[in-house]
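Over in TrEMBL, the protein carries these features:
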REGION    1-28  region 'Disordered'
DOMAIN    35-421  domain 'Major facilitator superfamily (MFS) profile'
TRANSMEM  38-64  transmembrane segment
TRANSMEM  76-96  transmembrane segment
TRANSMEM  103-121  transmembrane segment
TRANSMEM  160-182  transmembrane segment
TRANSMEM  188-210  transmembrane segment
TRANSMEM  246-267  transmembrane segment
TRANSMEM  279-298  transmembrane segment
TRANSMEM  310-332  transmembrane segment
TRANSMEM  390-415  transmembrane segment
């Protein structure tokens, strides 16, 4: 009896064990599928927000001109936008850390709705300037990156973050083209109305497409320092090993080309002699290049190279791009240079974002992404002044020589220094 009971118990234990293994396997598959769906929704939200943003960027100069705003006033309008994005990036990231990536994406989409609503009723210059205020929290790209960092393991992060470039490329191509077609056929306000409706839809996607459980893990430090606007808490991240060094490399490596891109609308007219339509085609070309590089190339490279190697490679290519820019004379030269330029630009952004989010605790990744997102607004804010000075007194080649010198210096620094790069996030 006891032997039979033992066998029965033994047999009875084996079956649930097998069933339990199967259940765990099915559960893991379901969790992976759910993570994939959430990441897809994050990509979708970022793509739509960027599409509507580029749509209005194409028509904004014409809207400003119709309201009587001159070129100097329009420059002030762009500067305000850059400053608000610069200030709002780290605050938005800290908000995401404290209240969750779902709440942060909803805030970004709702801010986009408010922005387009104010632009749609802008019948005067003061209203047009007022419409810029909601852009302080329009950060769909960092919000999507926050989702990705939560849903991927560190070894897959660079590849997943790189695919954000597909969203950016689609936004440039569709947004620029659609904005031009709609404004030409139906009037300058029609792209704004489309953007307004689109942002309302985007907000609904964020509400219902991101699960409510996508919240940050409880963290005693966050509880004790719950002030979203705390500058001290934002700057605290720079004290982690390697963070300050990588962040400064990110800023300085892309600064010269950032200055060039800020001045590109003027350079395309004066130096290359392009018409508005031809400039649009060139922007679409950039969008396609970015989609290819970030969607197909970076992911493959991360499977064969370390992030330290890819960082050095991007800086080295940037230096070569600087030499090419210093020697270019026609738009066709620039189209050739654009290939390595887009590779270096995309690789630098993706790899540094991946490294920096791994270098800080998981509860601070949103703030770190917000700080990273402030680099481009910083360039847009300083760009018109510094870039205008370089272009006026030294010509287009000055951007290339600056790019060459800065990145050679950074490349030598990266070869000699031993910056500590963590492979896993601190928990």
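Just so it is clear, glycine is given a Cβ too, placed from its N, Cα and C backbone atoms.
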Beyond the flanks of the transmembrane segment (279-298) by 6 or more, those residues with Cβ under 8 Å of it: 58, 158-159, 162-166, 168-173, 176-177, 180, 265, 268-269, 331, 335, 338-339, 342-343, 346-347, 350
Who are the chain neighbours of the transmembrane segment (103-121) in space, where the CB to CB distance is under 8 Å and they lie at least 6 residues beyond its ends? 42, 45, 49, 52-53, 56, 63, 92, 95-96, 127-128, 130-140, 143-144, 146-147, 189, 192-193, 195-196, 199-200, 202-203, 205-207, 210, 366
Same-chain residue ranges lying at least 6 outside the transmembrane segment (310-332) that approach it to Cβ under 8 Å: 158, 246, 249, 253-254, 256-257, 260, 268, 272, 274, 282, 301-302, 340-341, 343-345, 347-348, 351-352, 355, 396-397, 399-408, 410-411, 414-415
Counting only residues 6 or more past its boundaries, what in the same chain has a CB within less than 8 Å of a CB in the transmembrane segment (160-182)? 39, 43, 46-47, 49-59, 141, 144-145, 148-149, 151-152, 190-191, 194, 280, 283-284, 286-291, 293-295, 298-299, 302, 346, 350, 353-354
Closest-packing stretch to the transmembrane segment (246-267), where packing means Cβ pairs under 8 Å, from 38-64, 188-210, 390-415: 390-415
Summarise the model confidence on the domain 'Major facilitator superfamily (MFS) profile' (35-421) as a single mean pLDDT, whole number. 85
